[in-house]
Amino acid sequence: MVFITLPKIYVPRRLNVAIMLFMGCFLGYVMRTNLSINIIAMVENTNHSSTTPLPDYGPRYNWTANDQALLLGAYFYGYMLTSIPGGALAENLGGTRVLGYSFLLTGILTGLTPAAAALDKWAVFVLRFSQGFIQGVLYPCCHNLISKWAPPDEKGKFVASLMGGTFGTVITWPASGLIIQSLGWHWAFYVAAIVILCGMILWFIFVADNPGKHKTISVEEREYIEKSLGVNVSNKKRIPPYWSIMTSLPFWGLILLHYGSMWGLFFLLTATPKFLSEVLGFNLSSAGFIASLPHLVRMLCAFAFGSLADWIRKQGWLTVTGIRKIFCIPSHILPGIFLIILAYFGKDAYVSVALMTISLGFNGAASVTNLQNAQDLAPNYAGTLYGIINFLGTTSGFFSPMLVAAFTEENNAIENWHWVFIIGGLIYIIPALIFWLIGSGDIQKWNDFEGKKETTITEKL
């Protein structure tokens, strides 16, 4: 008998890591966004002009608009606290373990949400705060891993893999809507918990902190990655030069640019299901599906913009700084303009959906601007830099629900949303204009891990 030996197909391990980064962000957003749509089935009607009886998806709670804003923002209160130390933890303990164990803990807490709701709204607040606190390490860990695994000409595609969070929104909202209508809102939390815990197992199987620690990587691929990164990236442990970071003008340009993008994203994450269901009149499953559409388009555009930027960089047509600043037009300027248009032409339900989709779709170019700029300024401290900008950007996660509550507390009608969209558009546009003045794509001198010990603030004074 003749046996035919099939040639072994080698899958680049950095591709596996990129896929796992996509999955990790997906899991983070499954946990982060499920409350945005589940809460619609958990509360009593807040639209005083509607007399339609609410369907029975489980117990409903008398949580006011401000209570709901508090619960939706609770995750972000906790999330921002661990964003900064998350980068340092990843750089010193390894992004694989730090992020993997965070999935384990947040998966368990997601499954406990129905029990917390039965106790009191403050129990839900504590639980969501804890989830955010544990998951604050998510993106700092991801950026740390990208700095170790992504060759310069592939950075755009690697950073675009972080749009797995967007895909998490795309899947979670319609899936939660269907689960709620079929089984009740309790199961929307249980299913999410199971998915997160299963993903955690895959994470530990496929991810390593750097190519040198991966057990099955080929010598050729490891040497290629390490050679492409050159001397700008080190695996040595060192305390980040916080004074140099916080006194860097290009870094402040990045902080503002990231805040503008995060405001638009978190606003649409927390408010869109409520706007579509309670203001425009879509049913729960339709609201979940339609609310996820802008995030699907954002994810697809992120890969397209990321690949385009990588190609332009490889051709040498623009400097890295030029690429970052030009792509601010689709990532910030155009999304802001379309939100302002929505403020004036949002009375038609399908026009509103189209404008939100176009706005967030263009913001997919953030994979080339604010989401990638930390890798430019200091690849050795990419996790720390992203932790800092994420700490500040996350405040938009609880400020935007407060803004919505302030304008819709008395009556949740389309007219009450006008200034919400105007303010959101301006917060997109103004940071981009500032970044054009002070932003940069050049490696900063304080990235040099062999440089002299950071001068203390006391010595400087």
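For all residues, glycine too, the Cβ spot is worked out from N, Cα and C.
Note that the coordinates shown come from a computational prediction; the quantities given were computed from them, not determined experimentally.
Annotation source TrEMBL lists transmembrane segment at 15-32 (among others).
The domain 'Major facilitator superfamily (MFS) profile' annotation in TrEMBL covers 17-443.
The transmembrane segment annotation in TrEMBL covers 69-89 (among others). For the transmembrane segment (69-89), the list of distant contacts is 32, 35-36, 39, 63, 98, 121, 124-126, 128-141, 143-144, 239-240, 266, 270, 381-388, 390-392, 394-399, 401-402, 404-405: same-chain residues at least six beyond its ends, Cβ to Cβ under 8 Å.
Per TrEMBL, transmembrane segment is recorded for 98-119 (among others).
Among residues of the same chain six or more beyond the transmembrane segment (125-146), those with a C-beta under 8 A of the stretch's C-beta atoms are 17, 21, 24-25, 28, 31-32, 35, 70-71, 74-83, 86-87, 89-91, 95-96, 98-99, 102, 105-106, 109-110, 112-113, 116, 155, 158-159, 162, 207, 209, 374-375, 382-387, 390, 394. The annotation transmembrane segment is assigned in TrEMBL to 125-146 (among others).
The transmembrane segment annotation in TrEMBL covers 158-181 (among others).
The annotation transmembrane segment is assigned in TrEMBL to 187-208 (among others). Among residues of the same chain six or more beyond the transmembrane segment (187-208), those with a C-beta under 8 A of the stretch's C-beta atoms are 16-17, 19-20, 23-24, 26-27, 30-31, 34, 37-38, 95-96, 99-100, 103-104, 106-108, 110-111, 113-114, 145, 172, 175-176, 179-180, 214-215, 217.
According to TrEMBL, the transmembrane segment annotation covers 242-266 (among others).
Below 8 angstroms of C-beta separation, residues 37, 40, 156-157, 160, 163-164, 166-167, 169-178, 268, 272-273, 276-277, 327, 330-331, 353, 356-368 of the same chain, each at least six residues beyond the ends of the transmembrane segment (286-305), sit close to that stretch. TrEMBL lists 286-305 (among others) with the feature transmembrane segment.
Annotation comment: TrEMBL describes 326-345 (among others) as transmembrane segment.
Proximity of distant same-chain residues to the transmembrane segment (351-371), defined by a Cβ-Cβ separation under 8 Å and at least 6 residues beyond the stretch ends, is recorded for 156, 159-160, 162-163, 254, 257-258, 260-261, 264-265, 268, 272, 275-276, 280, 290, 293-295, 297-306, 308-309, 323-324, 327-328, 330-332, 334-336, 338-339, 341-342, 345, 389, 428, 435. Sequence annotations record features per position, and here TrEMBL assigns transmembrane segment to 351-371 (among others).
Packing against the transmembrane segment (383-407) from elsewhere in the chain are residues 65-66, 68-69, 72-77, 79-81, 83-88, 90-91, 95, 136, 139-141, 143-144, 147, 240, 245-246, 251, 254-255, 258-259, 261-263, 266-267, 269-271, 274, 370, 374, 377, 416-417, 419-420, 423-424, 427: each is 6 or more residues past its ends and has a CB under 8 Å from a CB in it. Summarising the annotation, TrEMBL assigns transmembrane segment to 383-407 (among others).
Per TrEMBL, transmembrane segment is recorded for 419-438 (among others).
Distant neighbours of the transmembrane segment (419-438): 249-250, 252-254, 256-257, 259-261, 263-264, 267, 271, 324-325, 328-329, 331-333, 335-340, 342-343, 346, 363, 369, 396, 400, 403-404, 407; these residues of the same chain sit at least 6 beyond its ends, with a Cβ under 8 Å from one of its Cβ atoms. The stretch in 98-119, 158-181, 242-266 that contributes the largest number of Cβ pairs under 8 Å to the transmembrane segment (15-32) is 158-181.
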